[in-house]
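Asker: Look at TrEMBL and you will find 1-24 tagged as signal peptide. If you look up TrEMBL, you'll see T206 marked as active site, nucleophile. The feature substrate binding site is assigned by TrEMBL to R234, V235, G236, D237, T257, G258, D259, G260.
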Amino acid sequence: GVRQLVMVALLSLAVLTPAGAASAATLPVVINTWAFRTAAETAWRVLELGGSELDAVERGCGQCEIDQCDGSVGYGGSPDESGETTLDAMIMDGNTMEVGAVADLRRVKNAIGVARKVIEYTKHTLLVGESASLFAVRMGFPYEDLTTQKSLSLYSEWLNQSCQPNYWKNVVPDSSKSCGPYKRPEEVTYKEEQTSSQRSLRNHDTIGMVVIGVSGTVASGTSTNGAIHKIPGRVGDSPIAGAGSYADSTAGGAAATGDGDIMMRFLPSYQAVEYMRMGTDPTVACQKVISRIQKYAPKFFGAIICANTTGSYGAACNKIPGFTQFHFMVSSPLLSRPTEQVVDCI
C-alpha cells in the first residue's frame with residue numbers, strides 16, 4: 001500500500017512536470033528522439049531484465065530498424081539518388097569512450113548491431129560502404145535486400161518530379177529543374193543556395209537514444225537511413241561521434257536529429273555533454289546548442305536530447321514553419337511506462 005501511494009505521488013509529480021522544466025532526476029533513464037514508443041519500451045525492458053546500457057541502446061535503436069520507424073530508420077526508406085537504401089549507425093560506451101560506427105552500409109538491416117560489433121571485434125571506430133557490409137557478413141549478419149515497394153515508389157515519384165528536391169548546387173544542367181547527370185560548369189557563377197530544410201521536413205531521419213544506468217553509466221546510439229534522395233556516398237551526422245550522439249559517464253549523454261549536413265558541423269552532441277559537464281541543466285544545454293547553430297543556419301531543421309548522470313533530462317529544437325514542437329520519449333522509475341514528452345522549439 002505504501003509503495004503504491006509513493007508511486008502515485010511520484011506519478012502525479014511526473015505528469016505535472018512539463019518537459020523543459022527541470023526534470024525530476026532519478027536513474028535509470030532512457031530518452032530517445034521522436035515518439036518512437038516501441039524503441040523506448042524495448043530499451044527499458046532490456047534494463048529491467050538486467051541488460052547493460054549498451055545492450056539497451058543497441059536493442060532500442062534496433063527495434064526502430066525492424067519497425068522502419070517513420071520510414072527514416074532501417075530498410076525500405078529514404079532511397080538515395082540511385083534508388084538504393086543505405087544505413088548509418090553508431091553506438092558509444094561512456095565508460096571506455098569506445099565508439100563503433102558504420103556508414104553507407106548496404107544490404108544489411110541491423111546497422112546498430114554491426115556498429116556494436118565494430119567495438120567488440122575491432123580496434124577501429126568507423127567502417128564504411130561495401131567493406132562495412134563484408135565485415136557484417138563475417139560477423140554473422142545476413143545479406144538482405146533493403147529495397148521495398150515503398151522505397152521503389154518513393155524513388156520513381158521523385159524521378160517523375162524531375163528529381164526534385166535534391167542536394168546538388170552550382171552544376172549543369174540546372175539541378176533545380178532537371179535530373180543529372182550533373183557536372184560542374186565551365187564558368188562558375190555561384191548562386192545563393194537555399195539552406196532552409198523545406199526539402200525534408202518529412203525526412204525525420206534518425207533515432208537517437210541515451211541510456212543512463214542505475215550507477216550513472218552512460219551509453220548512446222543512433223540509427224538512420226539518412227536523407228532521402230541523398231547523393232550516393234553521403235554520410236550525415238548520425239554515425240559521427242559527437243555529432244549524432246555522445247556519451248560520457250562522467251557527465252551525461254546527448255543525441256541529435258534533423259538536417260545532419262548542417263548539424264554535424266557543430267558537433268552538437270559533444271557540445272551539449274560539455275555544457276552539462278560544466279553544470280548546465282540538460283534543457284539549457286540543449287537550447288544553447290540549438291542557438292549556436294541558429295547563428296549560421298537560422299532555418300535548419302533539427303533537435304537534440306540531453307540527459308546528465310543524475311537522470312535529469314531535456315530537449316530543444318529549432319523553430320521553423322511546420323516544425324514548432326519536438327516529441328521525444330522518456331522512460332524512468334518516476335513514470336509508470338515510457339512516456340511521450342513535448343518541447344516547444346526556440
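The backbone N, Cα and C atoms fix where each Cβ goes, and this holds for glycine too.
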Asker: What whole-number distance in angstrom separates the two most remote CA atoms of the substrate-binding residues R234, V235, G236, D237, T257, G258, D259, G260?
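Answerer: Overall maximum Cα spacing for these binding residues reaches 16 Å.
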Asker: I'm trying to understand the geometry here, so how far is the Cα atom of G260 (substrate binding site) from the Cα atom of the residue listed as 'active site, nucleophile', in Å to the nearest whole number?
Answerer: 9
Asker: Take the C-alpha atoms of V235 (substrate binding site) and T206 (active site, nucleophile) and report the distance between them in angstrom, rounded.
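Answerer: Spelling it out, the Cα of V235 (substrate binding site) and the Cα of T206 (active site, nucleophile) are 13 Å apart.
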Asker: At the level of the C-alpha atoms, what whole-angstrom distance separates R234 (substrate binding site) and the residue listed as 'active site, nucleophile'?
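Answerer: Distance (Cα to Cα, whole Å): 15 Å.
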Asker: With an 8 Å cut-off on Cβ-Cβ distance and a minimum sequence separation of at least 6, pull the same-chain contacts of D237 (substrate binding site), or say none.
Answerer: T206, A243, G244, A256, G260, D261, M263, M264, P268
Asker: Just how many other Cβ atoms lie inside 10 Å of the Cβ on D259 (substrate binding site)?
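Answerer: Excluding its own Cβ, D259 (substrate binding site) sees 26 Cβ atoms within 10 Å.
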